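**Q** Pulled these from TrEMBL:
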- 37-57: transmembrane segment (TRANSMEM)
- 127-167: region 'Disordered' (REGION)
- 127-138: compositional bias 'Basic and acidic residues' (COMPBIAS)
- Glu252: active site, proton donor (ACT_SITE)
- Asp385: active site (ACT_SITE)
- Cys448-Cys480: disulfide bond (DISULFID)
- Glu494: active site, proton donor (ACT_SITE)
- Glu519: active site (ACT_SITE)
- Thr605: Ca(2+) binding site (BINDING)
Amino acid sequence: MTTPALLPLSGRRIPTLSPGASSFPHHRATLRLSEKFILLLILSAFITLCFGAFFFLPDNSKHKRFDLGLEDVKTSTNGTSENYLGKLENYLDKIRADHERALQEAKEKLRKSRDELRAEIQTEKNKVVEDLKKKDPGPKPLPPVPMPKVVGVSDGEPPEPDAKEKRDKIREMMKHAWDSYRQYGWGHNELKPLAKKGHSTNIFGNSQLGATIVDALDTLYIMGLHDEFKDGQEWIEQNLDFGVNAEVSVFEVNIRFIGGLLAAYYLSGQEVFKLKAVQLAEKLLPAFNTPTGIPWAMVNLKSGVGRNWGWASAGSSILAEFGTLHMEFVHLTYLTGNPAYYQKVMHIRKLLAKMDRPNGLYPNYLNPRTGRWGQHHTSVGGLGDSFYEYLLKAWLMSDKTDTEARKTYDDAIEAIERHLIRKSNGGLTFIGEWKNGHLERKMGHLACFAGGMFALGADGSPDDKAGHYLQLGAEIAHTCHESYDRTVLKLGPEAFKFDSGLEAVAVRQNEKYYILRPEVIETYWYMWRFTHDPKYRQWGWEAAQAIDKYCRVSGGFSGVKDVYSSNPTYDDVQQSFFLAETLKYLYLLFSSDDLMPLENWVFNTEAHPLPVLHLGNITLPGSEPAQR
C-alpha cells in the first residue's frame, strides 16, 4: 500500500512519493462571483418589474380589489368608499413612480461598462467594510514589550570577490523565483512554473493564503530586495485573511506562516506582521482540544474542528508535527503576554517526559486520545526530524537557560547514535530508520539537516564531546554530498540506500526525485559557519549551479522527477520553501558571518530567523523561573 500523495511537502516534514501529485489547479474566472451575481440580480429585477407592470398593475378605468396592505373596502353611505379609493389611487401612483425609477436605474446599470460596474461594486464593498469596522473595533492592541536585540540583519558582503559574485548569482535566482510567482501565481500558495499559474496542496486547505509571499519575506529582506518586500507586505495588509473555511496543517502553517510573519516583524519592525501572526495563532489553539493536549494534525480555521491525517498510524499525531511548535509559541507568549501558547508546548514536553521510550527512542506516532505510542517507527528524517531540532533550538533561543530542553536533546541524540547511526562498508556515516526492532539502512534527504544540527549543538555537549559532534556533522555532510555527486544531475534524491553493494544511491523510482529541498545546503551552511572549510562553499556552489541548470524554467524553478536521468521531466511546482530555505541558506553560505550571527538568531525549521530571547530576570507568563 503506497502512502497517499496528499502530504505536506516542506523543509523538515513528511516525505512524499510523487512530487507535485497533490496539486489543485486554480482557474481565473473572467469576472469574480460577486460581480456576476450583481449583474444577474439587476437583470432579474428588470424582468420581474416588466412582468409586474404587465400583469398586476390595474388600469385607471377599473380598480380591481387586491391586498396592498390596506384594509378591506367597506362601502357605506357616508362616502368612506370614495375616500378609500382616493387613497388607493395615490398608493398606485407611488408604485408606478417607483416602478419607473427602478426601470430607469436598471437601464442605466446595463448601459455601464464592466469596469464601471466593478468600481461601483468595490465602492459598496468598501462601505460595508467600513460599517463593520465601526461596529467591531477589532482585537485589542498587544501589550508593549521590549524588542529583542536585532543584530546583523543586512549587508554581510563577503570580502572575497569570488564569493561576492556567487552571492549575487543566488540573489538573481531569488529574484527570478519571486518575479515569476509575482507574475503568474500572485496570491496563490505556490506556483506552477511551466503551466504559469497558481498551485496549492491540501496542507493549506486549498485556500489562497499567499504561502509563498509569507515564506519569502525574510529572505527578500535579508537579500536587500526591499521593493519586493514592500509588495509582499502590501498584499498581506490587504488580503491575508485567516477567517476562511479551510482545513490546514497546524505544523505547516505554524512553521511557514507564524514563523515567517514573526521573522518579518523582527527584521522590519512592521506591526502588521506581528498582528497577523497572533490572529493566526488564535485560530490554531482549538487544535489542542484533545483528551491529552497533544494537538490534532489539522484544524479548520473557521470552525476550530480538528482531526488527524487518515494515513497516520491508528489515528495518531506525528512527533515532528506536535514537537515543532515550541520556538514560535514561546515568541507568541513573549509578544502577547498570553500564557496559553507557552503552556501548550510545555504540556507536550512534560507529557513526553513521563512516557516510556523503547530503547530510549521516540516513536514517530502518538495517539492524542489515549496518550499511547502508535507504531514503533523512529527516524531523524520525515515524521521525526524537527522534534529533535526544536529541543536544541529551545535551549539556544532561551539564551541557554532552558536546561531541561538541552538535557532532553542530549539524551535523545545519545539513543540515536547508539541505535540509528551506522557506517557503511564504503565508510559513509548514515542515519537509518528504526522500524519495529529492525534498522532500515536507508537515509532520506530530510535527514541530511542533522549534520547541521549536530554542529550547532556541539558546543554545550556533555562529557566534552563537542569535537565528536562537530566531526559527526562533517561526516553526515560528506554522505549527503555523495548522494548528490552520484547522480547525473548532481542533485540529491529523496532517499538513498546503503545495502546490496549500493551506497548513497536511490533504488526505487519514487525516491529519485528532487523537489528543491534545502536540507543538504542547510548543513553546508552550518558546517561553513563552524569550520570555514572551503569545501562547504564549493559543494554549495555545485548544488546552486545544478539547480540553475536543471530546475530553472522561464516561469520560475521546478522540481525534477529523476535525478539519474540526463533528460528529466519536471514536476511543475515551485515550492514555497525553495524561497524560504534553499535560496536563503545558499545566500548566507556566500555571505560574511556578521549577517544573521548565530549568537543572536535561531532559525526555525523553515529557516525563519527568530531572535534569542535574553530574558534575564523576566519570566514568561505562565512559566516558572528558568533554572541555570
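Note that Cβ sites are derived from N, Cα and C of the backbone, with glycine treated the same way.
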**Q** Could you state the CA-to-CA distance between the residue listed as 'Ca(2+) binding site' and Asp385 (active site) to the nearest Å?
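**A** It is 10 Å, counting Cα to Cα.
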**Q** State the count of C-beta atoms found within 10 angstroms of the C-beta of Glu494 (active site, proton donor), not counting that atom itself.
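**A** Other Cβ atoms found within 10 Å: 25.
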**Q** Taking every protein chain shown into account, which of the active-site residues Glu252, Asp385, Glu519 has the largest tally of Cβ atoms within 10 Å of its Cβ?
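**A** By the 10 Å Cβ neighbour count, Asp385 comes out on top.
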**Q** Including all protein chains shown, what's the count of other C-beta atoms within 10 A of the C-beta of Cys480 (disulfide bond)?
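**A** Neighbour count, Cβ to Cβ under the 10 Å cut-off: 28.
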**Q** Cβ-Cβ under 8 Å from Cys448 (disulfide bond), same chain, 6 or more residues apart: which ones?
**A** Ile476, Cys480, Ser483, Gly492, Glu519, Val520, Glu522, Thr523
**Q** I'd like the Cβ neighbour count for Thr605 (Ca(2+) binding site), meaning other Cβ atoms within 10 Å of its Cβ, all protein chains included.
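**A** Summing over all protein chains shown, Thr605 (Ca(2+) binding site) has 28 other Cβ atoms within 10 Å.
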**Q** Fill in the CA-CA distance, Glu494 (active site, proton donor) to Asp385 (active site), as an integer in Å.
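**A** Between the alpha carbons of Glu494 (active site, proton donor) and Asp385 (active site) there are 15 Å.
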